[in-house]
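Structure record follows, encoded as structure tokens.
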């Protein structure tokens, strides 16, 4: 057991600014005697003791106005300080008096900390040249409101940067605010290379917390790096192997410098002279637009760059090849006029720097053959047509040309359609049609007067003649005459009289009446036979087909008014025509 008064306290107590600090004071008095008093002090910046409070028994006497309202003493005599500020970071002393046992004391270091705010980083907004003679500023990093003050380090692409003579400088400034908190500012100066155009810079703030070092990092920033071009590239867009006549293309010039240099464009002419095309180009973006290129657009083009920083020039050439098809021609053998039944051979030829394929198509666009020759045999007017030779460059999509040729078969006209026979009525207005085929184009003539309209399609010609039917036209008909330099064809149109619907109606009514009369007579004869008025048998047989005329006979006779005109409508069962006399129905009925 200890033989004297002992006081024990923690060496260090840490608390965050704004929190409550609790400082314990444990003591031992021999014989378990009671303390007489307890004094709490703190050590000021002059190393003087300043008493905070005096404790005797259950009485606590505060003696420092700076801590008024923030101090409290627990039952275990521990001192608590609320609303701690960084100014409370001091050494506190607990002094215990115990009468005859004397007095004892111990002390505790109160550490107050404030976690710094996230660092703010600002990159150089103007850009940095790799050719700068002075060490340029990369970025600045600021850490605010921390206690105690932190340290700042710099990193590039994850690698820590260290000060290096004439290459890297990192000056730092420390400011203590009126609140007692610290603001730390650090600036990075360093030379750059063209590879740093993609580098990421950031700063790290290091601070102490509860005996450990903690860190917080800033955002990553990139700085604009200026550097001269080392390489120039000139290319045709789209690929030069696919350029054809009529295309719109671009010559794109690219340099790997920053900022981009000034671009100029040229085209080589004869005798190694160069045509300046810069006025047609965008000198800032390095693009030369060529619209609707043709064969003459082919050649060597040059892009020239000028770096305004060091006035250095660079250049690059590219060959432009414009694919084309020209001189498409079709040869016809024989070339003399063609007659029906002849044969002809068509040959197609063209010029191009690339391989060509040939196709033949008819006037409706249908493919009829492949290859540069087309053979047509047994020609007729109907096979006369316009054929086209289509020339295609398979290696250059979209590059094609066509040439058309007319295969015309000559001959005298041939009438292929005529409106005969034609049923008409007197005084009716009708259309007479005559259609022929021939080459050269024929003319159509009618032997009657009327209004004619002609329609031409290829080798076909059609004529429609509008006329009014009269007696002469009905008797003689009409003649269509088609002629050209090689001959004449003509055909006759026969006109037939078509009866009116009224006359047909009279005939039909007459037939119906005859049928009804025959039916009535048959009924009367049958009735008389049943009554016994007409005897049956051989002896009493009477001839009713040729009765003698008597005054008591009733004769009923039905005749047609136009027997001669309609004789052909009533025929016997065998299909033969009956005479007009046979077409009269007679019945004799005796009066009772």
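Each residue, glycine too, has its Cβ placed from N, Cα and C.
As given in TrEMBL:
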DOMAIN    3-111  domain 'Ig-like'
DOMAIN    119-222  domain 'Ig-like'
DOMAIN    228-319  domain 'Ig-like'
DOMAIN    326-406  domain 'Ig-like'
DOMAIN    413-494  domain 'Ig-like'
REGION    570-592  region 'Disordered'
TRANSMEM  505-528  transmembrane segment
### Task
Determine how many residues of the domain 'Ig-like' (413-494) DSSP places in helix, in strand and in coil.
6 helix, 54 strand, 22 coil
### Per-state residue totals over the domain 'Ig-like' (228-319) - DSSP helix, strand, coil
12 helix, 46 strand, 34 coil
### Task
Tally the residues of the domain 'Ig-like' (119-222) by DSSP class, grouping H, G and I as helix, E and B as strand, and everything else as coil.
5 helix, 59 strand, 40 coil
### Task
Summarise the domain 'Ig-like' (326-406) by DSSP state, stating how many residues are helix, strand and coil.
0 helix, 46 strand, 35 coil
